[in-house]
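Colleague: One structure coming up, written as structure tokens, with questions to follow.
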Amino acid sequence: MPPTENRATPPRYLLPSLFLSYVAVYFCRSDLTVISPILDMSPAALGTLISVGTAVYGIGKILSGATAIRRPWLRVHVCMVLAGLFTISFASSSEYILQVLFWSCNRFAQSLIWTTLILLIHLHYGRSEVGGAVAILSQSFLVGDAVAKITLSSMVDSLGWRGVCYFASSVVIFTAAATRIVVNCQGADAPLVSAAVSPTSSMAFSPLKDRLRQLLQIPEFYYAALANGGLNLVREVFRDWIPLLLVQACAVPTTEASMFSVVFPIFGAIFTMMAGWASDKRNGRRGGVILTCMAVAGVSLLLLMLALTSGTPNGLLVLVLIAGSAALLGPYSLLSALSIDVCGVEGRQDLLPLFQGLQDGVGYFFASISGALVGNVVEAGGWAVGVGVLLGFHIFACVFTGLYAKGEGKVSTKSARRASEFELVISDDVDEAFTIESDDEEDNALV
């Protein structure tokens with residue numbers, strides 16, 4: 001079969017549609033952060049709401065990979081609409097138990113989207129393009145979070161917390177409808193063939209038991225999942241705790257500390273784009289790029305820990321070291337590209353959603369314990385000890401990324417023989433199967 005690198009050029013609408021879809025999802029995710037100060041909830045009640053939502057999100061990540069994805073775009077759009085509807089239900093509820101229920105349902109709907117977006121990247125991009133595509137898509141985390149918070153914060157006084165939720169839901173539902181129209185006009189949402197229709201299809205989904213058994217025999221899965229866990233824990237801590245660190249350890253005023261906290265995501269975005277570009281330049285060999293970024297982040301964490309042991313460190317120095325620590329976001333984003341590398345070989349392609357979903361599930365398990373762990377450690381031993389714990393988890397992640405990099409040559413050799421033949425079935429009352437072969441068909445495009 002022809003190599004994946006000979007695939008047809010991805011359609012121009014694809015990456016912008018994926019990007020905007022996930023940016024819109026963040027309106028129904030970041031709205032709680034914006035409205036939390038004016039919610040009629042105690043800190044304990046709000047904490048329970050957030051914890052339950054995060055736990056459900058992690059479960060959804062696992063289930064998103066366990067289920068066969070027949071029509072990727074349809075799943076994305078349905079989940080976006082459901083997230084909007086559950087946000088409306090959350091805002092319309094006055095009982096706390098219902099608010100917990102609807103917020104958790106909202107988070108569950110969101111959890112099914114990312115794995116599907118990665119599958120769409122896999123279907124359209126070759127190995128030497130995946131890193132850049134995933135890096136660009138990963139910016140939707142930062143852009144979506146920032147745009148949502150800035151936009152919704154400006155509406156709190158005039159709309160109240162319920163109005164903010166209604167507006168957030170309208171954004172995600174409108175975006176789902178708009179991208180649905182674009183996809184339908186391109187005829188790009190034909191369902192993937194099931195194993196029952198074509199057991200030999202490269203994207204036929206085998207029974208879950210068979211896929212799980214095959215996945216658990218792949219060492220790279222364990223490396224990626226455990227690396228995801230360590231990196232996600234450190235990422236979540238930096239995302240939530242930077243303002244408090246600057247206030248308590250560096251005596252930075254509260255307002256300035258909140259403003260300076262954007263240093264981590266901004267530099268994280270830069271490192272993410274650089275890592276994606278560099279890995280594509282190396283023809284998809286990502287191990288060296290990942291280890292380089294991990295080394296930069298590790299040295300920055302070590303220096304930050306040492307700086308925090310010397311009384312009250314200079315705030316600017318701490319910010320510089322935090323910026324260096326953001327290098328870990330490059331490897332974190334490339335873990336999605338690794339799932340494509342490992343599962344992009346012939347005979348493994350139906351494992352991709354399961355690989356990505358379970359990998360993310362492990363990551364969010366680690367993330368769910370990050371707050372309590374770091375909070376207790378900092379309270380008992382101070383911020384230097386807290387950063388030391390983060391350094392320990394970072395080294396933990398480095399071990400498993402190193403193991404992946406060591407065996408990457410074998411994965412790359414297999415990926416060079418990746419199948420580029422995909423059997424699709426046209427919906428809308430047409431049951432005719434056809435095969436898309438890159439560079440063998442005149443139009444070279446998904447119909």
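From the backbone N, Cα and C atoms, a Cβ is placed for every residue, glycine too.
Annotations in TrEMBL come from automatic prediction, not curation.
The transmembrane segment annotation in TrEMBL covers 12-29, 41-60, 72-93, 105-125, 164-183, 257-277, 289-310, 316-340, 361-378, 384-405.
Describe each of these features in terms of where it is and what it packs against.
Modeller: Within its own chain, the transmembrane segment (72-93) is flanked in space by residues 21, 24-25, 28, 31, 99, 102-103, 105-106, 109-110, 112-113, 116-117, 119-120, 123, 161-162, 165-166, 168-170, 172-173, 175-177, 179-180, 183, 188-189, 191-192, which lie at least six positions past its ends and keep a Cβ under 8 Å from the stretch.
Sequence-distant neighbours of the transmembrane segment (164-183) (same chain, 6+ residues past either end, Cβ-Cβ under 8 Å): 13, 17, 20-21, 23-25, 27-28, 31, 34-35, 73, 76-77, 80-81, 83-85, 87-88, 90-91, 148, 152, 155-156, 189.
Non-local neighbours of the transmembrane segment (361-378) in the same chain are 51, 54-55, 57-59, 61-62, 65, 225-226, 228-233, 235-237, 240-241, 385-386, 389-390, 393; each lies 6+ residues outside the stretch with a CB under 8 Å from one of its CB atoms.
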Colleague: Taking 105-125, 289-310, 384-405 as candidates, which has the most Cβ pairs under 8 Å with the transmembrane segment (316-340)?
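Modeller: By Cβ pairs under 8 Å, 289-310 leads among 105-125, 289-310, 384-405.
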Colleague: Hey, which bits of the same chain come close to the transmembrane segment (289-310), Cβ under 8 Å, at least six residues off its ends?
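Modeller: Tertiary neighbours of the transmembrane segment (289-310) are 234, 249, 271, 275, 278-279, 282, 317-318, 321-328, 330-331, 334, 382-384, 387-388, 390-391, 394-395, 397-398, 401-402, 404-405.
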